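A.B. asks: Dumping what TrEMBL says about this protein:
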type: DOMAIN; residues: 29-508; note: domain 'Major facilitator superfamily (MFS) profile'
type: TRANSMEM; residues: 24-42; note: transmembrane segment
type: TRANSMEM; residues: 93-113; note: transmembrane segment
type: TRANSMEM; residues: 125-148; note: transmembrane segment
type: TRANSMEM; residues: 154-172; note: transmembrane segment
type: TRANSMEM; residues: 184-204; note: transmembrane segment
type: TRANSMEM; residues: 216-235; note: transmembrane segment
type: TRANSMEM; residues: 321-343; note: transmembrane segment
type: TRANSMEM; residues: 349-370; note: transmembrane segment
type: TRANSMEM; residues: 377-401; note: transmembrane segment
type: TRANSMEM; residues: 413-437; note: transmembrane segment
type: TRANSMEM; residues: 449-472; note: transmembrane segment
type: TRANSMEM; residues: 484-504; note: transmembrane segment
Amino acid sequence: MPGGGVVAVTGTADVNRVEAPVTVRAYLIVAFAAFGGIFFGYDTGWMGGVLGMDYFIKQYTGQEYPDIKYPGLSKDSDEVKAYRKSTFVVAQWQQSLTTSILSAGTFFGAIIAGDLADFLGRRTVIIMGCGIFTIGGILETASTGLGVMVAGRLIAGFGVGFISAIVILYMSEIAPKKVRGAVVAGYQFCITIGILLANCVVYATQGRRDTGSYRIPIAVQFLWAIILAVGLALLPDSPRYFVKKGKLDKAAKALARVRGQPVDSDYIQDELAEIIANHEYEMSIVPQTSYLGSWMSCFEGKLSSPSSNARRTMLGIFMQMMQQLTGINFIFYFGTVFFQQLGTISNPFLISLVTTLVNVLSTPASFWMVEKLGRRTILIYGAACMVAFQFIVGIIGATAGKPDSDNPNATKAMIAFICLNIAAFATTWGPAAWIVIGEIFPLTIRSRGVGLSTASNWFWNCIIGVITPYLVADQPHSAKMGSHVFFMWGGLCCISFLFAYFFVPETKGLTLEQVDKMLEETTPRTSRKWKPHSTFAAEMHLAEKHIEVPVETTTAKSEAV
Ligand code: BGC
């Protein structure tokens, strides 16, 4: 019979008891949140295809369809090709605007969401993100011209910013330490599925000569919003959020649900006490007095100290910047045009299908790799592989595969190494960048740290979206780098390699509170060997005293203090 009661939370000094065992149902709860990745992937995936749709182009340019303008001429004739290149095409600035405005929205959305998640809760902010996204989606679907479409993209972007930042935060906070990396890698997997689904839906509707051509791919997104919002409404909020708010009763209940244990079990008590003790400890180092003060504390401390807030914030921001500077989105945003320039592949959809499929199919290997090899290790090796693969593409392009050499084998080899590069990203930097930002922040600044890091991802995503056409496109003001662009991305991956080696600590297998301790006691290079040796509860003397947490319990026994 349910009833009210008080559970005395007593901490443990045993480092093996700081996390409760988890039931299968609890694993499923945690895994559900990964679904948020679908939004991220789908929303970045559909715009490119829609911009190339005949109906959409006609709507935006007012020009006649090529087959009506040139009846009887094949689509490969010079006239039709010239018409498509110069006239029947959405203007470059409109393409840039509609594509990049999403990132502007997501950038601000992620920062604001990081702020709101501490006031309203992680779950509420994700659900709000779904609501905002739906409003944006309605405008996008209804649009018949640039203004409404841009407004819709901006608002939808806000929603995606909310979702992309806070899902990572929520998942990292509720996932058990042993599978936290794998679960967040599941989010990355959902991103890749989202990109693939967008490609497929756009392919299915691209030939239509009505508004369904672009409205269907846009409207499909409402489904993601409904599934995520309804699912999350049924799930508990993060127990760590409740601890931060001082609502310990709710924290105990939420923890009991995400671990699938009775609220009054010793396991739940021990884990909760450890979270509380860690929070008290963090608050004693950097007290948060005011709203502004709480933002300032993200930049508190010396950059040279691996555990300072400033260092952790910069680590998160640079981590996401370096993820984008691996050049992966060059391939996803611009791969089609690049491969066409190579001259041997005529079906652009086939190209994007191959690259997105390689991305989807290789990501699951990361579930195992992040937990077995560790985040730091895969980031270092992943960067090294990407350096090698991208340099090889650049070298082939500069020698056997020169544009005038007409060497299909060279083109095939370049495509093969580009696919290997995608697989290297998908198993390392793709998931690990997200995993690390969910793990490195102390509870006091976690939501803002994750928000700022996510905003950095979108900022650089936007920069790459905007500059890429000017690097390789066959246009008057382009740098016309061609395949040399891979030397640039390979060079940037060298920096990613150094960044991972010198700055990224190993966080696998630790609770978020143990990560805190590890950062205090090690440097990134020595972090791999660190083993938990004491608990915050013991250090804050919670192992000897009781914290009384009023809860509704299900057993009479547990109501006793
Ligand atoms: C990145 C995206 C990228 C995607 C590809 C994500 O981790 O943040 O920018 O498009 O991976 O799978």
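Using the three backbone atoms N, Cα and C, a Cβ is placed for every residue, glycine included.
Thinking about packing and proximity, how do these listed features fit into the structure?
C.D. replies: Here the transmembrane segment (125-148) has Cβ contacts under 8 Å with residues 33, 36, 39, 59-60, 94, 97-98, 105, 109, 113, 116-117, 154-163, 166-167, 170, 211, 215, 218-219, 221-222, 225-226, 228-229, 232-233 of the same chain, all six or more residues outside its ends.
Only residues 6 or more beyond the boundaries of the transmembrane segment (154-172), in the same chain, are considered here, and those with a CB under 8 A from a CB of the stretch are 30, 33-34, 36-37, 39-40, 43, 101-114, 116-117, 122-123, 125-126, 128-137, 139-140, 180, 183-184, 187, 221, 225, 228, 238, 434-435, 437-439, 446-447, 450-451, 454-455, 457-458, 512.
Here the transmembrane segment (377-401) has Cβ contacts under 8 Å with residues 326-327, 342, 366, 369-370, 407, 409-411, 413-414, 417-418, 420-421, 424-425, 427-429, 432-433, 436, 482-487, 489-490, 493-494, 496-497, 499-501, 504, 506, 528 of the same chain, all six or more residues outside its ends.
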A.B. asks: If contact means at least 3 Cβ pairs within less than 8 Å, sequence distance 6 or more, would you call the transmembrane segment (184-204) and the transmembrane segment (216-235) in contact?
C.D. replies: yes
A.B. asks: Where else in the chain does the transmembrane segment (321-343) make close Cβ contacts, counting only residues six or more beyond its ends and a cut-off under 8 Å?
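C.D. replies: Counting only partners 6 or more residues beyond its ends, the transmembrane segment (321-343) has Cβ contacts under 8 Å with 44-45, 48, 99, 195, 351-352, 355-356, 359, 383, 386, 390, 401, 403, 406, 411, 414-415, 418, 421-422, 425, 429-430, 433, 456-457, 459-461, 463-465, 468-469, 471-474, 482-483, 485-486, 488-489, 492-493, 495-496, 499-500.
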A.B. asks: Taking 93-113, 216-235, 349-370, 449-472 as candidates, which has the most Cβ pairs under 8 Å with the transmembrane segment (24-42)?
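C.D. replies: Selected stretch: 216-235, with the most Cβ pairs under 8 Å.
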A.B. asks: Sort out the residues at least 6 away from either end of the transmembrane segment (93-113), same chain, that have Cβ-Cβ distances under 8 Å to it, and list them.
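C.D. replies: Same-chain residues near the transmembrane segment (93-113) but 6 or more away: 43-44, 47-48, 51, 60, 125, 129, 132, 136, 146, 149-150, 153-162, 164-166, 333, 451-452, 454-455, 457-459, 461-462, 465-466, 469.
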A.B. asks: Using Cβ atoms and a strict cutoff of less than 8 Å, what residues sit near the transmembrane segment (349-370) while being 6 or more residues removed from its termini?
C.D. replies: 45, 181-182, 185-186, 188-189, 192-193, 195-196, 199, 203, 331-332, 335-336, 339-340, 378, 415, 418-419, 422-423, 425-428, 430-432, 435, 508
